[in-house]
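A.B. asks: Questions regarding the structure given below will be posed in turn.
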Amino acid sequence: MANDFENRPTERFGDVEFQRGQGGEVHQVAGGDVPTLTTQQGIPVADDQNTLKAGPRGPSLLEDQHFREKIFKFDHERIPERVVHARGFGAHGYFEPYESLSDITSADLFQRAGEQTPVFVRFSTVAGNKGSPDLARDVRGFAVKFYTKEGNWDIVGNNIPIFFIQDAIKFPDLIHAAKQEPDRGFPQAQTAHDNFWDYMSLTPEAMAMVMWIMSDRTIPRSLRFMEGFGIHTFRFINAAGKSTFVKFHWKPKQGMQSVVWNEALKINGADPDFHRRDMWDAIQAGDYPEWELGFQLFDEDFADKFDFDILDATKIIPEEILPVKRVGKMVLNRCVDNFFAETEQVAFHTANLVPGIDHTNDPLLQGRNFSYLDTQLKRLGSPNFTHIPVNAPRNAKVCNFQQDGHMAMHNPKGRANYEPNSWGGEMGGPRENPERGFKSHPEEVSGQKRRIRAESFADHYSQARQFYVSQTEVEQGHMALALTFELSKVETPAIRARVVSHLLNIDEDLAKKVATGLRLEAMPEPAPAAMPTKMDLAKSPALSILLNGPESFKGRKIGVLVSDGVDADLLGGLKKAAEAEGAMVKIVAPMIGGVTASDGSMVKGDEKVDGGPSVLFDAVAVLLSAEGAKTLAKEPTAKDFVTDAFAHCKFIAYSSEAMPLFEKAGIASDMDEGCMKLGAASEAARFVEMCRKVRHWPREAMVKAV
Ligand code: HDD
């Protein structure tokens, strides 16, 4: 009798050959360039579609080791997600210093101008679980691993230069309050709920951070368009042992840009992977995102001049007082080969420091130095997580006597697994190196052992105010709306009032706007303050996004709504102008197969109109034929395309034939100088130039109610 694998009919799908089994199931068979499927033991597999059965209709047999192993492996695919920063996206790249910085640090990666050090960066949201949407209002993690020749160095930072709390002992409470409420398991990936604001209102030290998270910083347009910060004060040590304090900054070459809140809500529905896709698309297209690394450098005397403590992670040193020295650039030029192996398994740690860089006594940093190592054991399941390629040093050799444990990939070779030992040569293994080895800064420490917070940490409102007054009017408006939105989701009126009582210590006008937006019954008394607010701190323009926006429209996307009969010249002109600027054009068509243009050519669609709403683009163009406009004017999704673009203050180009759509959408009579009629292809360059401002903010006063 023929066995089950013989005489199967062969079929071709495209270039690929398949065989059809007795039950109609499809088999793909090795041969030529197609490798043989094997088990984990390397044993070749004959049939991956049918379990081993006693008779054609079963039962299945326990001896089917291939089946058992396959299901066993599948059942154990998931590892615990990160307790915070669960949702993330990683990419590879390199860092390159502009000059040697040997006068301030002996860290090897900063010694030679132009020398590249590989990096891996993972961006993340904080509160949401692994499957949460990208545009949640949230702080973004910005963690960078440098694979230096003296070992791995991590800057485990965020896109905001301060933090909620001053002492690490509060971290579990902060995160519990922010994540979903424990009795009901929701809301997910948002701070707009009672527990979060209850905790905030009882945590005056969080008030500066509250200002930052209620600003547009927490709804970035792209991970490529945001700053990053190391937050804490660290130390550099040079070869002579001299210490200099340093704060780390990442400045996006692409400029900063955020979305508006109503847009964020809609992006989350239209494309919950918006940020990941954007980063993936940019790198795949060769438009590599870049950041400059910046240092704020200072000494003890400079630190002593401030009323606040430079060890307090809720404070910044304004750039206008201490400029950021840009020392090099980081370029992300490669997506991961495998998301799980790299992005999911990467393990950052604030205590991964290389010689030439040291901690300070910031009590938040000190606690973090415990937490990160601890969490990796839980998440990755073995103390040998440093053997995973993304975590292993790439440019430094690992030589020590640590051994064994789950999943050990490499143990010390030879007889000696301890030191000191008296075995000579290679057999004796590695030895200490007082010259090259990591040395801590020999800081004097003394004092009583007490649970206490220094008085120098007590000013909770001055920098909150400084952040608020440094924003443009448009940005201040967004903050008032964000606070009103969040607190409107809080069900307990006393919590809403308690938050407003803090706002009164920050800015009276802001407090009034929020109180009015909430229809608060009565204005509360200002919250008791450990220290009065300094009302006269100078504005810091560096804190505003709009004052530090992009200089060009490079790396941005124009969504072009088209119909059959679209003017081929206009479309061609727009594509050319966008390309010249380094921007992308995406075609949004009534059907994904595309449209026939006025010259008879076929224009392929990138999105179908209901799958490509205008919130996905930085600017839009509506290029329709008269017939197309008439048809689309009846389509709710096409009307949303233009009303949303208009409400979100985007620049809009349109063909005159498209007007019926704007009329039907009810915005024709409001169209302003942010909307440009494209009469000829030659005018497209002017439109793209206009888009460099990214949004037409003067419109906002009219549309703010959305
Ligand atoms: Fe943290 C992850 C950033 C305070 C404990 N943190 C984590 C990540 C970032 C930050 C970017 C994700 C890393 C990745 O992509 O894998 N964390 C910060 C910043 C903080 C901060 C900028 C304040 C300045 N964190 C902080 C404190 C503690 C932790 C005070 C605990 C005492 N953080 C953790 C953690 C995580 C983490 C539990 C979860 C997953 C991980 O470490 O690897 O250990």
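For all residues, glycine too, the Cβ spot is worked out from N, Cα and C.
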A.B. asks: Name the one residue among ARG112, ARG379 that TrEMBL lists for the same heme site as ARG82, ARG122, PHE171, ARG368, TYR372.
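C.D. replies: Answer, per TrEMBL (heme site with ARG82, ARG122, PHE171, ARG368, TYR372), from ARG112, ARG379: ARG379.
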A.B. asks: I need the CA-to-CA distance for PHE171 (heme binding site) versus HIS85 (active site), whole Å please.
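C.D. replies: On Cα coordinates alone, these residues lie 13 Å apart.
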A.B. asks: Mind checking which residues reach the region 'Disordered' (421-449)? Cβ under 8 Å, same chain, six or more beyond either end.
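C.D. replies: Here the qualifying positions are 150, 235, 237, 243, 353-355, 358, 361, 399-401, 412, 414-415.
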A.B. asks: How many Å separate the Cα atoms of TYR372 (heme binding site) and HIS85 (active site)?
C.D. replies: 12
A.B. asks: Could you check the recorded positions ARG82, HIS85, ARG122, ARG368, ARG379 and say which one's CB has the fewest neighbouring CB atoms inside 10 Å?
C.D. replies: ARG379
A.B. asks: How many Å separate the Cα atoms of ARG379 (heme binding site) and HIS85 (active site)?
C.D. replies: 13
A.B. asks: To the nearest Å, how far is the Cα of ARG368 (heme binding site) from the Cα of ASN158 (active site)?
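C.D. replies: Between the alpha carbons of ARG368 (heme binding site) and ASN158 (active site) there are 14 Å.
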A.B. asks: Write out the long-range same-chain contacts of ASN158 (active site), meaning residues 6 or more apart in sequence whose Cβ is under 8 Å from its Cβ.
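C.D. replies: Result: VAL126, VAL139, ARG140, GLY141, PHE142, GLY228, PHE229, ILE231.
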A.B. asks: Quick check for the class: what is the C-alpha distance, in angstrom and rounded, between HIS85 (active site) and ARG122 (heme binding site)?
C.D. replies: 10
